[in-house]
Each structure stands twice: as C-alpha cells, then as structure tokens.
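Here's the structure we're looking at; comments come further down.
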Amino acid sequence: MKEHLTVVTHPLVQHKLTLMRDKHTPTAVFRQLLREISQLLAYEVTHELKMTTQTIETPLQEMDAPVLAGRKLALISILRAGNGLLDGMLELIPSARVGFVGLYRDEETLKPVKYYFKVPEQLDKRLTIVVDPMLATGNSSAAAVDMVKEAGATDIRFLCLLAAPEGVARMKAAHPDVPIVTAALDERLNDIGYILPGLGDAGDRMFGTK
Ligand code: URA
C-alpha cells in the first residue's frame, strides 16, 4: 500500500458505520455490524496480496487459476475491542494465524503496559495486520506495533474502524512504514481521549458493559 492512511469510503461501509455510531443501536446489532464492516475493511486491507497461479481442472478443462502466493497472514488483535474486528476477518480468511496483545494504561505514567502477548511464529514471513477498532491517542497502537516488530514482523498494516487525527499523527511518527486502513477519520479527541464524534467506548458497545 502506498498511502499511509486509507479511508474506505464505500457506501456499505459508511452506512453501517452510521448505524454503529448511533447511541440507540443495541449491543447485538452493533456486534453484527462490526462483523460485517470488518469483512469490508478486510477486503481493502488485503487487496494487494500477492497472487500466483495453480493448475486445476474445471469440469471442462485444465486451467492455470489464481491463488494467494506464499506470504500468509497474521491477524493481531489488541485486546479487548480488537476481537470484534478479528471475528469477521477470520470468517473471510480462515487460514490466518492469530495473535493477541493485551495492554493497560499505567495511571501514573499514562503509558501502555503489556499484560499479555502471544503471536504466531515466523511473523517475518507473513503479512501482519494489527486490528483495533479505535485509533485514538495512538499510544497503545504504536506500542502494539513496536511489539510485533520486536517479534519479527516486517510487513505490517493497521486496521481500525475510526481514527482520530492525533492517533494517525502518532502512528505516522512512530511507524511511517505501517499503512493505516480505516472507515473514517473523525474530528478530534476530547479531553479524556475519546474520539469525536466517534461511537463511544467500542468495547462497551460491543460487549454491553459500562
Ligand atoms: N477507545 C474507544 O473505545 N473509544 C474512543 O472513542 C477512544 C478510545
């Protein structure tokens, strides 16, 4: 991908996103919409995957048909909201390997602290897609990408549902080599780090917590 930031303006994505932003949308519908939108975003984030051909026989004749080339995928979910994007993507790409990054914010330093990290082996041989619905301050996203790079990943993309300009700038400064794919670039963060206009707390909306 050439662009550092790609906003997926497809009408289906934008329509579903509006339904997700609406505070009256119930949890079950929100979760279903996230699953659907994640598949449309997955389509965009993977559209440059390398192809090769494989000889097969149709019922009528032999043909050299396109298949994905060697480099396989790793999907890395930033807990917990990342799992909402992960589920839909795995339906589309069932052979992808999956990893998880758990981070919490230290209330004194305000820096992300790792509490869980488990990723597939040989990340250097995979396209690695780090997923988190909300790119807000970018602190946890940048830290998660640091960790997957330390684990060997070299070809990385970041997939989110909503991005704030502050988070995009943070990611561009820390990881200019990691393209970001999102459904929308919102206006700004509020003073407690929520995206405006946003959709609220993605994890709470998805899991029905408060
Ligand atoms: N995380 C969320 O879930 N929502 C925001 O608006 C920002 C971070």
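Just so it is clear, glycine is given a Cβ too, placed from its N, Cα and C backbone atoms.
Pulled from TrEMBL:
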- Arg80, Arg105, Asp132, Pro133, Met134, Leu135, Ala136, Thr137, Gly138, Asn139, Ser140, Asp201: 5-phospho-alpha-D-ribose 1-diphosphate binding site (BINDING)
- Ile195, Gly200, Asp201, Ala202: uracil binding site (BINDING)
- 7-209: domain 'Phosphoribosyltransferase' (DOMAIN)
TODO: Only counting partners 6 or more residues apart, tell me which same-chain residues put their Cβ under 8 Å from the Cβ of Asp201 (uracil binding site).
DONE: Tyr194
Open item on the list: Does any of Arg80, Asp132, Met134, Gly138, Ser140 have a Cβ within less than 6 Å of an atom of ligand 1? These are the binding-site residues; tell me which, or none.
Closed with: Met134
Open item on the list: Tell me which of the binding-site residues Met134, Ala136, Gly138 ends up closest to Ala202 (uracil binding site) in space, Cα to Cα.
Closed with: Met134
- [ ] Work out how many Å separate Met134 (5-phospho-alpha-D-ribose 1-diphosphate binding site) and Ile195 (uracil binding site) at their Cα atoms, rounded off.
- [x] 8
TODO: Would you mind pulling the DSSP three-state label for Ile195 (uracil binding site)?
DONE: strand
Open item on the list: Just to verify a number: CA distance, Arg80 (5-phospho-alpha-D-ribose 1-diphosphate binding site) to Gly200 (uracil binding site), in angstrom, no decimals.
Closed with: 15
Task: Spatially closest candidate among Asp132, Ala136, Gly138, the listed binding-site residues, to Gly200 (uracil binding site) (Cα to Cα) - done: Ala136
Task: Fewest other Cβ within 10 angstroms of its own Cβ, chosen from the binding-site residues Gly138, Gly200 - done: Gly200
TODO: Mind computing the max CA-CA distance among Arg80, Arg105, Asp132, Pro133, Met134, Leu135, Ala136, Thr137, Gly138, Asn139, Ser140, Asp201, which the record assigns to 5-phospho-alpha-D-ribose 1-diphosphate binding, rounded to whole Å?
DONE: 17
TODO: Let me know the DSSP-derived helix, strand or coil state of Ala202 (uracil binding site), please.
DONE: helix
Open item on the list: When DSSP is mapped onto helix/strand/coil, what comes out for Met134 (5-phospho-alpha-D-ribose 1-diphosphate binding site)?
Closed with: strand
TODO: From the binding-site residues Asp132, Ala136, Gly138, Ser140, pick the residue whose C-alpha lies nearest to the C-alpha of Ile195 (uracil binding site).
DONE: Ala136
